[in-house]
């Protein structure tokens, strides 16, 4: 928000300079982004009157004038402005004046005629970019007065960043309140007297959506002159706030917007039909806006309509059909309180952002509307003339926001601030902020003012007290806290340790949004319901993720499109699964996921370029599972997953319970996501592996180990893992190692079969095993494999 420092000082005028005032505003939480003078550096410019104005004898576009600047004689000045005329009050730069850019005014001759000064435009004084003509001052401007004093140009335009919670500061009144409280001064509010109705004309108003519009005020003003000139003082205030003067009706509503923070709108009364109806739009209903653009409305958009058409998007933008124009004589002034939730997001949906929507989305004081409409009525009649009818007020008290009553405990205040502020000072701060305060035994009970939506809980009051007391006044004392040694379960496996392991394996941690694209999620998890957001950031971020794969695969595509072909990413985070049995109907599971793609190794002269495969990621995952001490209990079983390749994927089971998946992305999904090359992913339910098995110390045998190799032929569909598990079960007492070291298909092995070469390592802790014992164990393994899998020894 941008405003004039002098306008602010009309409301409250602390005895501090501009720099200190800006510092106060910043420390109050309204960060000052910039301070700049409202006019250029100049001197020697005064108010003058054009006494004579005639055509230059030697130039068609120049005029020769005689100007009274309050001196002993009239000044001869040559001027080329088309609006120069006799009787006009103007800004005159006399001989010796210095204009912005160090431009010095000297006596000269222009086309043979003497010129003893210059009649100035706004642009020549560094006030604005208006080059259309010289400045036209009011007829009562005192001749000879310094123009800087007359126009109050020794002023600054202050621009502040207003946080969403401080919508009350989107008007001069809100900033002035804070400055008054900080300096312990009274607020000099302008006297706003009710404008008596001089006619009894009203216009019917119906509110069909009271929850969206709890209060709607309308007032008929007839017989206005819309061609009247907006006073210079108002145009200047608007300009210094960054708003261009348009016509007196719009200027008045903009003035009230800036002064009180209350948006208003004026309808051309003669273009309205029947009555004003505040309702929700019909699906697909259209409206042509004031800027000429046509928008198609949704059913959740609030509109102001008459008996025939929608006239405006409520709280956002007016319509062209009912807008005020140069032919307007009668207007209906609108002043309303709209529920912020009924406005939020609607403007953005249509690519709009207006001063009105900016304020209504954040919240407007629901007690302000009567004051605002009286202020606008008085200003409009003073400028344009006309007669006002009575105010029509349609209010649904049940739908208006209630003022929060908050308990502030002395103990909580002292603990959070870390400093004791006297009771009397706390009460004074809260009262000056507009709260109704009652002192209690434990602290205070405060009722928030109507304009402060952000005062809801105890911590809000603590913040307000600290803010007004002054953060700089709170002594710097080191934080003191009792040292409590928390117990640490040795069996707990820190997620940080797993992340470190993955980083050591060449992975990088990714952090992706919990909000994902429903199209991508639908490809990965078809036919699975997900939680949709009622007000998403965008369509591409409108559902909560069912797994981390959506974000990781999108990140992989993003990086591949930027010439990063070799990727190793992992992420830990929550997934959100609809579950009727869970709290609030949603289950949140902490997941650990990873993705790899590209080559197995970084490019190197001594290494072949090989693409990653299933076993690369499986090896990394087994390293993670080894940290838990449960790797021996983990099984990888063939199981269908729509996102994974049916022949290169597996479900991960721990003690018979499925805890995740691993596999190559399905070729069809790879194509739809535009993934480049083979991509392998895994995902684990972290809570299922977060507790590790504590290692047991075992005796190391001092007797020799014996290795025997066997090659068994089994059907193609028999998992090698099942073969190894069966061997371990049979030789549990003396078999200390089972390993698959070769898989063969081809000559000598029938089609549909494969040969698995397995090494069996046997060892005892008490003695050297005899050859007969070794042979017996190997024979038992072969027999068990033959019985369960119809395996046979390969010749």
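Each Cβ is built from the backbone N, Cα and C atoms, and glycine gets one as well.
Under the heading Mg(2+) binding site, Swiss-Prot lists 454, 460, 463, 464, citing sequence analysis as support. Residues or ranges marked as domain 'tRNA-binding' in Swiss-Prot: 39-148. Positions annotated as domain 'B5' by Swiss-Prot, on the basis of sequence analysis: 401-476. Annotation source Swiss-Prot lists domain 'FDX-ACB' at 701-794.
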Where residue 464 (Mg(2+) binding site) sits in the secondary structure, as DSSP reduces it to three classes: helix
Within the predicted model, mean pLDDT of the domain 'B5' (401-476): 93
Other C-beta atoms that fall within 10 angstroms of the C-beta of residue 460 (Mg(2+) binding site): 18
Residue 463 (Mg(2+) binding site), number of other Cβ atoms within 10 Å: 16
The domain 'tRNA-binding' (39-148), counted residue by residue under DSSP: helix, strand, coil: 5 helix, 48 strand, 57 coil
Residues flanking the Mg(2+) site, with Cβ no more than 8 Å from the Cβ centroid of 454, 460, 463, 464 and excluding those residues themselves: 165, 452, 455, 459, 461, 462, 467
Candidates 454, 464: member of the binding-site residues with the richest Cβ shell (10 Å): 464
Summary of DSSP states over the domain 'FDX-ACB' (701-794), given as helix, strand and coil counts: 30 helix, 32 strand, 32 coil
Assigned conformation of residue 454 (Mg(2+) binding site) - DSSP reduced to three states: coil
Residues of the domain 'B5' (401-476) by DSSP state, where helix covers H, G and I: 33 helix, 14 strand, 29 coil
